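**Student:** Mind looking over this structure? Questions follow.
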Amino acid sequence: MKHIRNFSIIAHIDHGKSTLSDRIIQICGGLTEREMAAQVLDSMDLERERGITIKAQSVTLDYKAQDGQTYQLNFIDTPGHVDFSYEVSRSLAACEGALLVVDAGQGVEAQTLANCYTALDMNLEVVPVLNKIDLPAADPDRVAQEIEDIVGIDATDAVRCSAKTGIGVPDVLDRLVRDIPPPEGSPDEPLQALIIDSWFDNYLGVVSLVRIKNGTMRKGDKIKVMSTGQVYNADRLGIFTPKQIDRDVLNCGEVGWLVCAIKDILGAPVGDTLTLARQPAEKALPGFKKVKPQVYAGLFPISSDDYESFRDALGKLSLNDASLFYEPESSTALGFGFRCGFLGLLHMEIIQERLEREYDLDLITTAPTVVYEVETTAKETVYVDSPSKLPPLNNIQELREPIAECHMLLPQEYLGNVITLCIEKRGVQTNMVYHGNQVALTYEIPMAEVVLDFFDRLKSTSRGYASLDYSFKRFQTSDMVRVDVLINNERVDALALITHRDNSQYRGRELVEKMKDLIPRQQFDIAIQAAIGNHIIARSTVKQLRKNVLAKCYGGDVSRKKKLLQKQKDGKKRMKQVGNVELPQEAFLAILHVGKDSK
């Protein structure tokens with residue numbers, strides 16, 4: 001046991017976590033030279049295309065240290081994006097230590113801080129590593145000072161390495177073996193294994209990634225899931241050396257995978273505890289706290305025949321991504337679909353792309369909204385995650401919107417631009433601290449503004465130097481209204497949006513203008529209106545296509561022409577009463593961009 005080291009690699013986006021993992025795998029000989037590829041742990045196509053890590057991956061390697069002993073390293077490569085912070089906290093729960101990788105050129109950024117504090121809260125040993133020292137812009141001494149100033153951990157002897165060229169990586173491993181404590185727990189106690197992650201394999205059923213806290217797990221054991229009480233047979237188990245390798249036993253302190261032929265997707269929930277059926281543990285391990293989704297959107301299959309396969313796909317995906325929430329929803333305009341909850345907009349994009357790619361679905365997304373707290377006149381409190389569920393205006397006593405606490409780190413010269421952006425987003429400054437050339441800003445900004453496009457705008461105003469970390473703070477009373485869209489006097493539920501009263505006129509007008517360009521012309525006039533309650537705030541008309549009925553009149557009496565025009569007018573009027581308008585897919589997407597292009 002004292003030769004096992006479990007650790008995660010945490011860092012901000014693009015500070016070189018996955019490349020460092022590659023080097024560690026190479027040094028320990030986990031893969032042959034031929035099998036080695038860049039970012040070997042980013043196995044999903046999407047991860048490779050976007051160059052980001054989405055899923056945490058685990059690897060078990062043997063490392064011969066300088067003291068001549070062989071250590072077993074179990075490490076987990078984690079994502080750096082704020083939307084996937086839940087993946088990071090789950091990975092950290094399985095470890096005793098973490099490598100905090102910081103780019104020696106860019107220095108400390110917001111996610112570095114957030115992930116590091118998560119690790120320190122869990123009482124993990126944090127080992128700072130300065131990466132990318134081969135860059136001409138690298139300034140390791142300044143960055144080491146920054147780590148001490150901003151993060152507050154001692155970085156005077158931080159290991160310096162370059163994951164790309166491989167310089168200094170052996171020092172990282174030696175420091176790791178020296179500083180990170182071995183796992184606690186005893187092999188003789190009843191088995192307790194924590195499920196860190198699961199995914200669905202079409203042949204094997206549910207595959208779980210587990211960390212053995214106490215006891216040992218053998219092939220063929222009867223395994224009991226503590227929350228459900230179900231008993232399964234441990235058919236296969238083993239480790240990843242990135243490749244799946246079968247073993248007969250997983251010892252105390254190890255991280256490995258387990259297949260129990262579970263067909264039911266909810267059979268082994270993430271964060272649950274496994275134990276032996278014949279000698280069960282007294283109590284379950286503390287799991288993970290459930291994360292609350294911050295952004296909700298409706299997902300609907302384009303053809304209603306896909307509904308069943310869409311439901312199965314969501315089930316399989318939610319097994320792999322525990323932060324995804326979904327419930328059935330129906331809409332008059334779009335038919336049957338699901339209301340899904342995500343941690344942020346990037347998370348939403350990734351989920352939609354994974355559903356479309358891995359499960360061959362065509363989906364329509366409605367505009368993302370956040371959760372509002374509504375106090376009705378009957379003194380009830382309801383939580384509303386979709387504009388169509390909002391009670392009528394005269395039944396609402398008070399509407400509260402979620403406020404996010406945003407921590408930003410940015411170079412001094414961009415401070416003015418960023419403050420202007422925050423004020424425009426209805427933000428309130430709560431703190432500002434200078435660390436050398438960096439400024440740490442704390443703002444309270446409404447969640448609805450943060451999830452819409454705040455991150456993109458922050459990056460563009462600061463030329464990519466500012467970094468952001470946000471978390472839900474509280475609900476606060478606010479003057480929000482629902483803007484409905486009426487097409488030919490019929491409300492289209494999928495196009496409604498909730499916005500602040502100050503912006504509502506302007507948002508309504510913008511939405512109506514956008515719709516006008518997107519709805520194809522018909523044989524009759526189409527009126528597009530935006531309304532708050534019964535009060536119309538904007539209108540535009542898609543003009544009808546009409547035939548020139550006077551072409552056949554050559555000269556002739558004016559009353560003859562009037563008769564023909566009147567006849568055409570009556571015909572169009574009848575047509576308008578029975579005609580209905582097909583809305584194109586782009587019309588639903590237009591609402592996503594309302595308020596974006598205007599600045």
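Using the three backbone atoms N, Cα and C, a Cβ is placed for every residue, glycine included.
In case it helps, Swiss-Prot gives these features for our protein:
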BINDING   Asp14, His15, Gly16, Lys17, Ser18, Thr19, Asn131, Lys132, Ile133, Asp134  GTP binding site
DOMAIN    2-184  domain 'tr-type G'
**Student:** Select one residue from Gly16, Ser18, Asn131, Ile133: among these binding-site residues, choose the one with the most other Cβ atoms within 10 Å of its Cβ.
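**Tutor:** Checking each of Gly16, Ser18, Asn131, Ile133, the winner is Asn131.
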**Student:** Per DSSP, to which secondary structure element type does Asp14 (GTP binding site) belong, with helix, strand and coil as the options?
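**Tutor:** Note: Asp14 (GTP binding site) is coil by DSSP, not helix or strand.
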**Student:** Can you work out the mean pLDDT of the predicted model over the domain 'tr-type G' (2-184)?
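**Tutor:** So the average pLDDT across the domain 'tr-type G' (2-184) works out to 76.
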**Student:** GTP site residues Asp14, His15, Gly16, Lys17, Ser18, Thr19, Asn131, Lys132, Ile133, Asp134: biggest Cα-Cα distance, Å?
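**Tutor:** If we measure all Cα pairs in Asp14, His15, Gly16, Lys17, Ser18, Thr19, Asn131, Lys132, Ile133, Asp134, the largest is 17 Å.
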**Student:** Take the Cβ of Asp14 (GTP binding site) and count every other Cβ within 10 Å, whichever protein chain it belongs to.
**Tutor:** 14
